[in-house]
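**Student:** This structure is in structure tokens; I'll ask about it shortly.
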């Protein structure tokens, strides 16, 4: 049986050798060039392949059509991936008749994603393992072929556990590969309800929070001990790294971060003390704890701290245009909850952000993006990340005012994008699920789904094509002029402060707000074309968390990416949404203040939106990019979102209005 292998690291070397020992023919091996900035303590797949006389390649993008064609020419019967760091395209996965199989360093479906070796130690697990699974489009989600458990000892650190996993992987492969070679490939579906996802870890994630339980701090030390970057803290401006530690249950009543003693060196945590066995000051040598205390000038009672502001990076400045809008005000709240963000915002009103106006890290100017261009250009230049959130985004306005939609949604935003290009600033741009239009795919894929819109005489599509054209312009600026960008596509986000009942009164609101207005005023709920259109409703808290992670941009994984942000599990028709809303309304404590329910009324879209409207039957996102780039998964049920949104609007109605 002929195999093509994708491999890197020690696990890659083990996998290559196991495949050879099982009698497979290896047509080629694909690996990575070592990164000079990375501590390459591990074995070299390229050197192993060269020594074995096997062709080896390290392309920058193995999914490029040129490489896909070359792999196809190799005619592999089977494909293996052993710790190869990039996802393989479906085109590659489908080249091998027997399938493509990946070795993952956890007991799937737990700990999907990045760095499972480190995460299991961070989380204090007592067991992990290795899993060989069939590769599918979603990372680490395919059927399980075989797995092997590995016990985690209390004294295990990252390197010792790494060696255990390599041994377990070799045993697993030695056992299963001969069976697979004969065509007998077990397949057990993963239980999605048990799946957990973890993202890439960065060196800065090793910063110790002494207010955590001592077991948490000790587990962090274990998880990132050498040759990983290490857990670290500060004494004043002096950084030091802890390479090994042990737990002492008694903190003697000391405050977290306080030095209890220097010989041995013990530091108080939330519920105990950490004894530092070995460590390193700055870029110095590794020494035992008491010598480290001497080097740092520590004495009993000293307080360790987070990096001082003078020695750390300045706060990240985020410019939000349209800051008073639904996404803008919720995002502002999330950013201000983090110490290292400063928010600059502009909008034509401030009712939704009034709670932030006195915040020292929030800077607001009331203005119009079509008028205050000088202020905008200055602040694009001044800030680090730009979010142009201003848009007309309600369907009835697409048919009422198509030219205004184009002028604001495309022309004004294009000017802002050009400022970002001019000053080389990162832009996080709100595309929209509307760009998919009448796409017929079961779920909409950012990188593969076609964007399909209706005829020119249906102005309903002006919003979709304005956004799509900006997406394409931004992409081109990224390709040709190095613009750093991320496009995010929200799918029907809902929650408090979505818009207003007054907007619903003039027909310029989202669907749920219009439905709530009908309940508040005792008018029939209008179901456009019967309300059979399906959407995937997403809680604003889930959406904002994903957007926040895009801004954080861990490992620059979001650069140049398009990311759907929606909840595929919350798919419902507008009729089902209305029924759920009515049920929540009837159970609400304020129900008695409002008129009786006036029933449902089916209306044609033409009579409601005008002749220029055209609807979409379904709109369901693929969120593989969000899982992969953000380590994000939506978690809030649709009923919870509906109840919170309803509660917000009902409590916003004043007493006199309720009585009337």
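Each Cβ is built from the backbone N, Cα and C atoms, and glycine gets one as well.
Copying in the features that Swiss-Prot gives for the protein in this structure:
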ACT_SITE  104  active site, proton donor
ACT_SITE  434  active site, proton acceptor
ACT_SITE  619  active site, proton donor
BINDING   114, 136, 137, 138, 139, 140  (6R)-10-formyltetrahydrofolate binding site
BINDING   347, 368, 369  NAD(+) binding site
BINDING   393, 398, 432-433, 460, 492, 526-535, 613  UDP-alpha-D-glucuronate binding site
REGION    1-304  region 'Formyltransferase ArnAFT'
REGION    314-660  region 'Dehydrogenase ArnADH'
SITE      102  site 'Transition state stabilizer'
SITE      140  site 'Raises pKa of active site His'
**Student:** Just give me the nearest neighbour of residue 529 (UDP-alpha-D-glucuronate binding site) among the recorded positions 102, 136, 368, 369, 434, Cα to Cα.
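**Tutor:** Comparing Cα positions, the candidate nearest residue 529 (UDP-alpha-D-glucuronate binding site) turns out to be 434.
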**Student:** List, in sequence order, the residues of the same chain other than 347, 368, 369 whose Cβ lies within 8 Å of the centroid of the Cβ atoms of the recorded NAD(+) site.
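**Tutor:** In sequence order, the nearby non-listed residues are 321, 322, 346, 348, 367, 370, 371, 372, 390.
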**Student:** To the nearest whole angstrom, what is the C-alpha distance linking residue 140 ((6R)-10-formyltetrahydrofolate binding site) and residue 535 (UDP-alpha-D-glucuronate binding site)?
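**Tutor:** Cα of residue 140 ((6R)-10-formyltetrahydrofolate binding site) to Cα of residue 535 (UDP-alpha-D-glucuronate binding site) measures 27 Å after rounding.
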**Student:** Spatially, which candidate from the recorded positions 368, 434, 532 is nearest to residue 139 ((6R)-10-formyltetrahydrofolate binding site), comparing Cα atoms?
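**Tutor:** Result for residue 139 ((6R)-10-formyltetrahydrofolate binding site): the nearest of the recorded positions is 434.
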**Student:** Using DSSP with the three-state reduction, classify residue 393 (UDP-alpha-D-glucuronate binding site) as helix, strand or coil.
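**Tutor:** DSSP assigns residue 393 (UDP-alpha-D-glucuronate binding site) to coil.
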**Student:** Name the one residue among 137, 347, 368 whose Cα is closest in three-dimensional space to that of residue 433 (UDP-alpha-D-glucuronate binding site); these are the binding-site residues.
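**Tutor:** Nearest by Cα distance to residue 433 (UDP-alpha-D-glucuronate binding site): 137.
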**Student:** From the Cα of residue 393 (UDP-alpha-D-glucuronate binding site) across to the Cα of residue 347 (NAD(+) binding site), what is the distance in angstrom?
**Tutor:** 16
**Student:** With the cut-off set at 10 Å between Cβ atoms, which of these recorded positions ends up with the most neighbours? Options: 104, 114, 137, 526.
**Tutor:** 104
**Student:** 138, 535: which of these binding-site residues has the highest Cβ count within 10 Å of its own Cβ?
**Tutor:** 535
**Student:** Identify, in sequence order, the residues in the chain of residue 136 ((6R)-10-formyltetrahydrofolate binding site) that are 6 or more apart from it along the sequence and have a CB within less than 8 Å of its CB; answer 'none' if there are none.
**Tutor:** 93, 142
**Student:** Cα-Cα separation of residue 137 ((6R)-10-formyltetrahydrofolate binding site) and residue 104 (active site, proton donor), in Å?
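**Tutor:** Here the two Cα atoms are 15 Å apart.
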**Student:** Return the maximum Cα to Cα distance in Å (whole number) over the record's (6R)-10-formyltetrahydrofolate-binding residues: 114, 136, 137, 138, 139, 140.
**Tutor:** 17
**Student:** Between residue 104 (active site, proton donor) and residue 114 ((6R)-10-formyltetrahydrofolate binding site), how far is it from one CA atom to the other, in Å?
**Tutor:** 10
**Student:** Please identify, from the recorded positions 102, 433, 532, the residue with the sparsest Cβ neighbourhood, meaning fewest other Cβ atoms within 10 angstroms.
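**Tutor:** Counting other Cβ atoms within 10 Å of each of the recorded positions 102, 433, 532 gives the minimum at 532.
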**Student:** Round to a whole number and give the Cα-to-Cα distance in Å for the pair residue 102 (site 'Transition state stabilizer') and residue 138 ((6R)-10-formyltetrahydrofolate binding site).
**Tutor:** 12
